[in-house]
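Residues annotated as transmembrane segment in TrEMBL: A:27-45, A:52-72, A:78-96, A:103-122, A:179-199, A:229-253, A:265-291, A:303-324.
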Amino acid sequence: MVKKMVSEKSGKGFIYNLETFISKYKLPIGIISIVILLVVPHLGFSQYIMNILIKIGIYIMLGLGLNILTGYTGLVSLGHAGFVAIGAYTASIIAIKSGMNFIPSAILGGLLAAVFGILLGLPTLRLTGTYLSIVTLGFGEIVRTVLMNWDSVTNGTLGVKGIPKPEIFGIKLTLANNGLYYMMLALVALITIFCIVLINSKTGRAFLAIKTDEMAGVMMGINVTYYKVLAFVLSAFISAVAGAFYATLIGYVDPNSFTFDISTLILSIVILGGMGTVRGMFVGAAVLISFPEVSRKLMDYRFVVYGLILVFMMRFRPQGLLGWKSQMPYKLSKNVKKRLQDLENSPS
Amino acid sequence: MAYLQVNGITKRFGGIVAVDKVSFEVNEGEIVSIIGPNGAGKTTVFNMLTGVYKIDEGEIIFDGKPIHNLKPQQIVKSGISRTFQNIRLFQDLRVVENVLVGTHIRTKYNLLESVIRSPKFRKEEDEKVFRAIEILKSIGLDHYRDDYAENLPYGDQRKLEIARAIATGAKLILLDEPAAGMNPQESEELLQFIRSLKQKGYTIIMIEHDMSVVMNISDRIYVIDHGKPIASGLPAEIANNERVIEAYLGRGRKNAEDK
């Protein structure tokens with residue numbers, strides 16, 4: 001009796017229906033969303049709106065980056081602005097000094113942040129929970145302080161000006177020609193695909209195992225040290241690339257672009273959207289970035305409302321807006337399905 | 001030499017000697033039980049065998065190679081896996097994913113291959129998924145394949161832990177109180193299941209309090225009390241051993257009258 005209830009996908013509620021619907025019409029839904037995203041710039045929205053859309057895209061990348069660390073591996077970072085800053089500054093300074101194009105300079109920024117990810121990851125392995133968060137918080141502040149005081153390289157509090165726009169085949173990508181919007185789409189798509197393939201592999205399962213029960217993970221032979229550092233590295237790299245893109249979008253960075261507020265905003269996106277999900281990052285970023293813009297009427301009260309929303313979310317939906325567990329069956333490849341069928345057909 | 005040879009292992013926590021010169025041996029294909037009153041140091045022995053604790057003295061030889069003080073993942077790789085006294089499944093993962101985590105150590109593809117979904121990745125991933133389903137079928141949990149581990153009934157969660165341990169490719173499986181919290185019918189099922197593991201060639205070391213389980217399936221039993229070995233032998237010998245009865249029940253009435 002009990003056995004039956006568990007496997008029966010008990011309830012078959014709203015989520016189940018929604019997921020069935022989406023998986024049934026996966027192709028048309030995908031095509032329609034891609035078409036909409038591609039034609040958005042030609043619908044005559046103002047530059048202000050386009051700017052917000054790109055900003056949402058940047059925060060989706062940042063959310064996805066932090067999600068690898070916090071959502072998958074269960075390590076809460078309060079200092080991700082540090083990685084964003086390293087990426088933004090490194091890419092910008094390289095681009096200005098050597099004239100290097102955006103993509104290679106952003107990758108270099110990402111790699112440097114990844115090195116800092118290792119440096120931050122290694123000593124913090126023995127720390128979990130709040131202790132780890134405090135260390136990452138310190139890291140974020142240290143990065144900002146260094147940027148503020150290392151005048152010869154970072155130009156101190158004045159910041160770095162005149163960051164060149166990305167170029168592809170000799171065409172400068174700007175807001176006006178929508179190049180930056182499309183570049184944002186491409187980056188978000190790449191990072192999204194990366195996160196999806198990552199989580200559906202032994203690496204992703206190792207991350208999830210560490211989050212759920214580190215000790216049990218160790219006893220399954222998972223090299224916890226390696227995977228925790230790897231999570232830091234991947235997370236830092238993605239955040240830094242998003243930071244480099246932010247820098248080229250605005251054309252100017254200073255230490256105050258990367259305060260603790262940014263770290264908490266990224267973390268809020270991950271939590272509000274739904275920790276450990278990819279879909280959640282999109283909704284989390286869209287809600288939290290557009291909220292201050294659409295609620296301008298509320299004037300000074302908007303951050304009170306903003307805070308209240310977060311409080312109520314944590315009280316009534318702690319798993320996040322889209323933080324449900326999939327009720328679809330585990331996806332088997334065609335090969336496995338075929339082998340299983342063969343197995344059933346030959347009862348031996 | 002025996003399959004697993006444990007020679008005088010000792011573990012101290014500060015001034016307390018949790019395990020004091022415990023020795024035992026397990027032959028291939030045997031079911032050996034370690035029993036003793038609460039706090040006797042049985043789980044500490046498991047933690048020493050699996051590399052959670054470093055040992056202070058002694059040696060552990062598995063399959064001809066010393067494994068004491070190796071890292072847990074090296075010990076898993078050499079073919080030893082365990083379950084836990086309090087169920088420690090990956091509760092948020094599906095049943096099949098729990099078993100797949102077990103296959104982690106035998107999965108060879110690297111990060112890059114998984115990200116670009118290379119043929120090697122696909123082939124190996126398919127193999128592991130198929131293997132995981134095979135294990136679930138053999139253990140009678142396949143109908144739960146897509147369910148989340150936390151939603152399983154208690155007895156089946158215990159079984160899933162064993163499935164996960166098997167998936168590591170281990171030949172020696174350590175079961176830490178597998179029958180804890182089970183009703184008589186469930187522990188009878190478990191008994192059958194552990195016997196079937198033995199028939200498949202697995203070697204099993206078991207910590208257990210449920211004497212109906214221990215006496216029925218153990219080939220040999222070791223008894224420890226206060227960290228020290230006090231007896232060993234066949235189930236029938238242990239059941240009548242005075243030191244064992246004393247350790248569990250205290251001194252008999254006859255001795256009390258002597259005073």
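Each residue, glycine too, has its Cβ placed from N, Cα and C.
Computed from a predicted structure; not experimentally measured.
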Other parts of the chain folded back onto the transmembrane segment (A:27-45), taken as Cβ under 8 Å at six or more residues beyond its ends: 53, 178, 181-182, 185
Interface check, the transmembrane segment (A:103-122) with the transmembrane segment (A:229-253), three or more C-beta pairs under 8 A: yes
Feature contact check the transmembrane segment (A:303-324) with the transmembrane segment (A:78-96), CB under 8 Å, 3 or more pairs: no
Other parts of the chain folded back onto the transmembrane segment (A:265-291), taken as Cβ under 8 Å at six or more residues beyond its ends: 52, 55-57, 59-60, 62-67, 70-72, 76-78, 80-81, 192, 195-196, 199, 208, 211, 239, 302, 306, 309-310, 313-314, 319-324
Long-range Cβ neighbours of the transmembrane segment (A:229-253) (under 8 Å; 6 or more residues past either end): 54, 58, 61-62, 64-66, 68-69, 72-73, 75, 77, 80, 83-92, 95, 102, 105-107, 109-114, 116-118, 120-122, 125, 159-166, 175, 180, 183-184, 187, 191, 194, 198, 203, 207, 266
